[in-house]
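I have placed the structure first, in the form of structure tokens, so that the comments after it can refer back to it.
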Amino acid sequence: MSEEVIVPVYATGISAQLQKQRDHELGIGKHENAVKFLGQDFDRIQHECLQNGTLFKDDTFPPTAYSLGFKELGPNSSKTYGVKWVRPTQLVSNPQFIVDGATRTDICQGALGDCWLLAAIASLTLNDTLLHRVVPHGQSFQQNYAGVFHFQVR
């Protein structure tokens with residue numbers, strides 16, 4: 001028996017309202033029934049990567065300049081010139097995802113940062129329950145690391 005893939009539909013106006021109501025009635029988007037982004041299933045991806053001894057490579061977000069953005073963050077931008085895509089272990093020998101909890105001062109904006117996104121992430125650290133709803137427990141670069149993490153935003 002195969003699991004039905006739920007692909008998010010992005011609609012506007014009355015269509016969006018009807019879709020949201022339909023999703024709510026079906027329990028789609030709740031913590032225990034998260035919408036899979038573009039049909040990607042974290043558990044399946046992680047299992048396959050661990051089984052094959054490979055790290056996840058996201059074809060929907062390839063390691064190219066086009067994935068960083070457009071205009072001032074596009075492929076021909078001086079801001080993205082020389083950006084090199086690397087795995088965490090290529091930066092440090094022992095990468096850590098979250099160490100001893102998360103605080104708002106852990107969040108730092110870099111050259112490509114989005115201050116609104118970073119402010120939202122920092123706000124999550126003020127409520128541990130909410131943080132772990134968005135960033136589920138048990139994710140690390142050590143145990144069962146497959147080059148993929150998951151988050152819930154809806």
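Just so you know, glycine gets a Cβ as well, placed from its N, Cα and C.
If you look up TrEMBL, you'll see 55-154 marked as domain 'Calpain catalytic'. Remark: secondary structure over the domain 'Calpain catalytic' (55-154) totals 30 helix, 0 strand, 70 coil, with classes taken from DSSP.
As annotated by TrEMBL, active site applies to CYS115. Around the Cβ of CYS115 (active site), the same chain contributes GLN109, each under 8 angstroms and 6 or more positions distant in sequence.
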